[in-house]
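Structure record follows, encoded as structure tokens.
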Amino acid sequence: MMYKAVFSDFNGTLLTSQHTISPRTVVVIKRLTANGIPFVPISARSPLGILPYWKQLETNNVLVAFSGALILNQNLEPIYSVQIEPKDILEINTVLAEHPLLGVNYYTNNDCHARDVENKWVIYERSVTKIEIHPFDEVATRSPHKIQIIGEAEEIIEIEVLLKEKFPHLSICRSHANFLEVMHKSATKGSAVRFLEDYFGVQTNEVIAFGDNFNDLDMLEHVGLGVAMGNAPNEIKQAANVVTATNNEDGLALILEEKFPE
């Protein structure tokens, strides 16, 4: 099979545990780009959290933020955007008020506001993504692209079940044991890939996607070759076509070198 586009999750997939891209991975991605194969980062992060790596890879292509809620072209202009309705935000905030220990971040374009900027989980998120997180602002958070909820794994599972029950019309998915993402129903990685297949003029069976967690599932199931990382949960591995090495063992580069030999 001749593959014509590649999509990759970020944390736990493209990035090592040290939040870097390995030299081997950089080399193979730059080779793909030089040969006209789009390599698209598709992340739960905001555009600002993706951009340093996007520039490092020199892909000069689109990027997908907020797990599909926002897609920017090579000029960093939006070509797709879906946001949570204000009425849903009000109701979600009421539910989350009963869980004061959780970190809650509201992302809109490149802005992030936190329910409590001193929350330990919010401080951790700021240390990883290096983005500025502002104090809560009712106007700025009335219709975000994404709500990020961070906490202990047990409480994250509890709040996931609760929110899915109350808001079946929203996209609610864990991106990590400690992270829950809430977005518009049309904001999934699978939906973003479908949109970009049309954008690039490629067929589904000509697409490879890499992922390591539950918010990657619909993307991995959709594409021609869904690749789960060796560090992915068993449910993700079972849903993928192929399981590669971990993100710390150049798992992504191994598959790309195999499918796109020099």
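The backbone N, Cα and C atoms fix where each Cβ goes, glycine too.
What Swiss-Prot records for ASP9 is active site, nucleophile. Summarising the annotation, Swiss-Prot assigns Mg(2+) binding site to ASP9, ASN11, ASP212. If you look up Swiss-Prot, you'll see SER43, ALA44, LYS189, ASN215 marked as phosphate binding site.
In the three-state DSSP scheme, ASP9 (active site, nucleophile) falls into the coil class. Apart from the site residues SER43, ALA44, LYS189, ASN215, the chain places the Cβ of ASP9, PHE10, ILE42, ARG45, VAL64, PHE66, SER67, GLY68, SER175, GLU181, ASP216 no farther than 8 Å from the centroid of the site's Cβ atoms, the recorded phosphate location. Within 8 Å of the centroid of the Cβ atoms of ASP9, ASN11, ASP212, where the record puts Mg(2+), the same chain has further Cβ atoms from PHE10, GLY12, THR13, LEU14, LEU15, SER43, SER175, PHE210, GLY211, ASN213, ASP216, MET229, ASN247. Within 10 Å of the Cβ of ASN11 (Mg(2+) binding site) there are 21 other Cβ atoms, across all protein chains. The Cβ of ASN215 (phosphate binding site) has 28 other Cβ atoms within 10 Å, all protein chains considered. Of all the recorded positions in the record (ASP9, SER43, ALA44, LYS189), the one with the smallest CA separation from ASP212 (Mg(2+) binding site) is ASP9.
According to DSSP, ASP212 (Mg(2+) binding site) is assigned to coil rather than to any helix or strand.
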